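Annotated features, as they stand in TrEMBL:
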TRANSMEM  43-65  transmembrane segment
TRANSMEM  86-112  transmembrane segment
TRANSMEM  118-141  transmembrane segment
TRANSMEM  153-177  transmembrane segment
TRANSMEM  189-207  transmembrane segment
TRANSMEM  242-261  transmembrane segment
TRANSMEM  282-303  transmembrane segment
TRANSMEM  367-388  transmembrane segment
TRANSMEM  394-413  transmembrane segment
TRANSMEM  425-450  transmembrane segment
TRANSMEM  456-473  transmembrane segment
DOMAIN    511-571  domain 'CBS'
DOMAIN    630-677  domain 'CBS'
Amino acid sequence: FMVSAGVATALAAFAVNLSVENISGFKFWATLTIMEGGNLLGSFLAYVAMNAALVTASVAITLYVGPAAAGSGIPDVKAYLNGVDVPYIFHFNTLVAKVVGAVGSVAGGLAIGKEGPFVHAGAAIAAIVSQGGSGSARLGWMRHFWNDRDRYDMVACGTAAGVAAAFRSPVGGVLFALEEMTSWWKNQMLWLAFFTTAVVSVAIRVLMKACSSNGCGFFGSGGFIIFEIQEGQDTYEFFELLPMLLLGVLGGLLGSGFIAMNARLSEWRKRNLAPLGRRGRLLEGLAISVLTSTLSFMVPLLVACTACPPGSEGACPRTDNLHSGNFVKFGCRCAGAYNDLATLFFNTQDDAIRNLFSSKTKREYTVSALLIFSTIFYFLATLTYGIFAPTGLFVPSILCGAAYGRLVGIFVADMHPGHYIDEGTYALLGAASFLGGAMRLTVCTCVMLLELTNNLALLPLIMLVLLVAKAVGDGTGIKPVYEVQMSVKGLPFLQPQPEAFMRHITAKECCGRPPVTFSRVEKVRSLVETLRSNHHNGFPVMAHGVDGERHICGVVLRQQLLTLLATGNRSMQATPAISENSSRAALSYSVPEFSKPMSDPVPRCDEGVLAPGALSPETLEMYLDLGPFLNTSYHVVQEDAPLSKIYQLLRTLGLRHICVIPRCALVVGMITRADLL
């Protein structure tokens, strides 16, 4: 199944990259060709119209096909791996909207990336493959995987596959799933995720080989990020540590500022745009597209052209109007001149990053161009991330950080003209600093950048910048971007460690209202009324012991009760007596029958079998023996247990609820590690 999921993820990533590269290539070719014909206004209108059409189509597909595909999807998948079954995120229509919408939003020139949606798409593909379909439309012969344990493993491996497909970084994908996505980890999942990313890596290389002879239109060698820095700066002087530390500080502050501004903007969207419905979302996407297109077209026209640097690789200015490479002419009338700001705007983001990372390209970009680009792109990314379309944050973070990192590299080179200072190295460190400041990821980001650049000599520098950026970002008190987005969406997320005050609160104090319980044999009418009156997921089942006292004998889940009510002829009885017939009836059920379809919403209290009139009056007077269906090995804590311990149990074991019982007086025995061995 992981081979199938890996190959499917690679095919989806290849299709997205191929589409984005060809659509963007045609867009840039048409815009620059019309401009060279002397029609500046026509060129501008064509550029704006093409971008607006692509972005509007992306928003429309997300709205009407799969609304759960909006955003990057990483917060939703992370919430699922933390124990929250977010509705619709793994449905097939969501996957379609994610893949197709990512093409439109990225090719439409927005300041977002496609790598975040790849993570969601990889998780959705793994979920659909493992479940034999999405939602209730599942293949019955896949029922062996209809359980939470296998679902969790598959989704975690799918997130690793998505990163591996987006960045061609198999080891970085495994570390991303380990460091950022999962709440608990096991060794089996490690090698399974590594195996999946290996399959993705091989499949991607096979597919890219098919396009190596320019048989895929504008695709060529682009599309998949790989930034070779073989001839870059591999040594550094002691005085360079200070500007590198400053890069880390700058990345931490800018990343935290991005998170804070985007969170406020997301709250504003919820208050003002959500009530407008689909029309408001479409108009928002159209407005941001027009603003982005106008700035990226008009601002380069205000910048003076730059003379071609001596000894530059490739033609300067560029003789073709393709979408990759440096030295875009963009209206420069003088021979031997190019527009360095247009070179950044009129390229795909992957090619712009490749240009910024390139080594031995001193003075290819002016200070003013880098300053203008980093400022505009920073605020455009803040404004764009959160529109109702598939949007990612990885590539905008890398691009913005690379721009101000190269700017710092220019200043360092000017201050020390007698030393070899490569601006591309500082661009890479700037990208690392922004990623560390916004996402607060260290190990996986470090490995991903090393796999992207294929240069191990930069390892100590990347580690230093990442650690400083993360420390500064954490010091601001602002949470990482994906946790903030989870809070904005209202997704409950348990942090790795409980708060300190939880040590002073007991389980009994935290319980609140008395639990809703059932007797072992319960009338159907009572079950239906109880399920209609609350949304609880688990119910303790009580029974009378030999001494006449009531004691808990197990826990029954809401989904189990709904299944039993829907198949009443198999399990119901006419009398409240406990008999062997109920045990025999339980053998006719299989565990997958009680499994809720993955990411399906919980039925409302007036839907399905709970709807008024769904069950006949005769059925409501029947009885149901819950004994054979109980989980008798339920998790419990004693009433004086500290809340911090309960927190750790719920998070590390992935529990949804836990029973609180009085302190017991008897001890049956003790189990030690030696007993297990």
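Any Cβ shown, glycine's included, is placed from N, Cα and C.
Only pairs six or more apart in sequence are counted, and the transmembrane segment (367-388) with the transmembrane segment (242-261) gives three or more Cβ pairs under 8 Å, enough to call it a contact. Sequence-distant contacts of the transmembrane segment (242-261) (same chain, at least 6 residues past either end, Cβ-Cβ under 8 Å): 236, 378, 381-382, 397, 400-401, 404-405, 408, 411-412, 426, 429-430, 432-439, 461, 464-473, 475-476, 478-481, 484. Per DSSP, the secondary structure of the domain 'CBS' (630-677) breaks down as 14 helix, 8 strand, 26 coil.
Only sequence-distant pairs (6 or more apart) were considered; of these, fewer than three Cβ pairs between the transmembrane segment (282-303) and the transmembrane segment (118-141) are under 8 A, so the stretches are not in contact.
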